Structure formats: C-alpha cells, structure tokens
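Feature annotations, reproduced from TrEMBL:
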type: DOMAIN; residues: 190-285; note: domain 'Fibronectin type-III'
type: DOMAIN; residues: 303-387; note: domain 'Ig-like'
type: REGION; residues: 31-87; note: region 'Disordered'
Amino acid sequence: MGPPPQGPDDKALQLMKIFLWSPASGWPSMEAATAPEVAPGSTLKVKEASPADADLPQASPQRGAGSPTPQLLPPIEGGSPSPALSFHHSEHPKIWLPRALRQTYIRKAGDTVNLLIPFQGKPKPRAIWTHDGCALDTSRVSVRNGDHDSILFIREAQRADSGRYQLSVQLGRLEATATIDILVIERPGPPQSIKLVDVWGSRAALEWTPPQDTGNAALLGYTVQKADTKSGLWFTVQERCHRTSCTVSNLIVGNSYAFRVFAENQCGLSETAPITADLAHIQKAATVYKTKRFAQRDFSEAPKFTQPLADCTTVIGYNTQLFCCVRASPKPKIIWLKNKMDIQGNPKYRALTHLGICSLEIRKPGPFDGGIYTCKAVNPLGEASVDCRVDVKAPN
C-alpha cells in the first residue's frame, strides 16, 4: 500500500516528509519534521505547548527496533478526517512584508497611513498589532484582519503615531512577527534668534541659534533672506546653509537692510522666521581729496610795450585815437604825456586801458593839439614808454 496523500503545494511553505515502511504491516510511519521558510522581515517562533494545543497534530517520535508498528485507522463514514490527515492541510504562519516597509516608513503630519500586510496560515491564524510593545489606541488606529492580510489605517497621522509597530500572526504554538518603523514628520520650528554681528564695506555677518523643534526629522539647512528698507521686499541670498552663521555680500551702498532666517527639513521651510533687531547700514566710504602742490611760477616782469604808438596826421575838428599794447606783471600804471607834460585829468583827452591795450582819444583837435605824445607804463619792477608824433592840418 502506498503512502497517504500529501497536502497542497505552497510556495511559502515546503514540508519535507520522510516515510519509513514497516515490513511487518506494510503501513507507513511519518518520521520527519517540517522545515518552513520565513519571509524577509518576519520571524517564526515556536511557543511552548499549552493545554489548548493538545488536540493539534504532532509528528511521531523515532521508534526503536522493538516498538509496535503504528497503524492508520480508516476514516469514519460521515465524520471528519483523522488528525493525521488534517495535518497535511495546515500551513505554518508567515508574513509577506512589502519591500517599501522594510525601511523606515515616513509620512507627513496630516497624511493618511494605510498599510496592507499579507500573510498566510491554515487554519486562519490570529493577527495582533502592537505599538512600541503596547496595545494600539483604537481611537486613532483602525485594524482590519482578513483571511490572508491585515490592514492598519490611520486617517490623519500625528507625530505621536511615530514608533515601532509589530504584527504578530499566531497559529497554535507557531508565531510569525514583522516589525514596521513609522516616522511622522512636520515642518520645523523657526530658529530661536538671529543677530547682526558686524557690518563692513558692502558685507554683513549674521549668527543665529538652531530651532528647538526640528519637526521630528533631520534639518537640511537654513535659508537666509534680506530686505532693504526702501522696497521692503524679501530676497533669498543663501539656501541650504548648514552652519548657524553666514556672511551676506554685495549689499548696495546707501541702503539699510534687515535679515531673517528659516529652518528647513524634509517637509519644507519653517512657517515663521526671526528678523534681526538692528539694521545693517551700508555707508559710503569717506573720500579725502589731497590737492597736489605745484611750485608757483613767478610771472612778475617789468613793463614792456609789445605794440608801439604810430605817428599820425589828423584834420582839425575830427577826433583822433592813439593805440599801443603793454605787457607787465603786476598791472602797470599808465601815464599819458604831451610834449613831456602830464595830460591826466584834461577833459580834452580820454584815456582807456583794457587787457594791456592802451588808448588815448583826442577830442576835436585844434591847431595847438599837435606835438609829441608819450605813453608811459610804471610798476614796481620798472617802467617803459613809447612816443609818437601827431600833426594837425587844416581842412582843404
């Protein structure tokens, strides 16, 4: 007689059975133990026997040479199959943990958490969830257990929902467990303070302190912004700054600036940012102009006539003018003479001097106005003179 029929082939569980045949009776005796496979991320445990497990099928131990040969009783008509036959239809509990849940599962605050974890086991195993070793808070977390999977659902995740969740699938003395780490994050708090350390040229140095609350996640850096008092608009000058200090350059001369800094993590920038209490005034550098000293040239010179007087003949009753040019420094005193006699102040004569050009007007000369006229220039360095002859004729 052949061996009894085996159970269905399951990809997750492979049963290795070794049948030893007794020549006395021809009935097989099952001798082997099972060697189950465990899915990655889960563990299989065998609990100690309890009175409740007394009715479960067990493999027969190794028998000695003189032990009686075990015999299988035929099934009772209309009744349930024997325990030996039902053993072949059982499956060890095993959890199929999705690859995405084998590392920390990160969600933002307010998002929905919906985890479906498939498992196997026959008869239907018992699935139990725990959070950090304690029972779940049913007011926030919902669990639905099916025949082949278990669903953990959180409608709006909060930071308090972060932690280690463990799913335990129990079937008699056998137990499979899987662990899932959930991290709920949110935006970080603002840096505690920001201070303007120094201002020089077109640069400003800033320092700030890290935020007290990082949003349950590592900080990616800080974002620094500036705003001038004229426009009041904020512009980003540095992103993902990993230090708690920075130097802002290329500030416009004549403007005054305020600064603020945001903290940033995986969720984004902090909702608020501290602003510097003091303004950075970018002042124009004082320029000192130094005049180059030149040696003063001495232009002093004694009078010298560059254009002498010219002899002329005039007609009685017609005005006549005499011209000459003189160069001197300092400006010379001009004296007009007629026949070596000073004629200054005589209303018949009009003397003018402009830019070194000397002129003498003889108004309506008469027969006695002819003679030798002299122009004399005098200054502290010396004197010079020129002469000319004027003849007065009667009209024809």
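Just so it is clear, glycine is given a Cβ too, placed from its N, Cα and C backbone atoms.
Predicted-model confidence for the domain 'Fibronectin type-III' (190-285) is 93, expressed as mean pLDDT. Helix, strand and coil residue tallies for the domain 'Ig-like' (303-387), in that order: 3 helix, 54 strand, 28 coil [DSSP].
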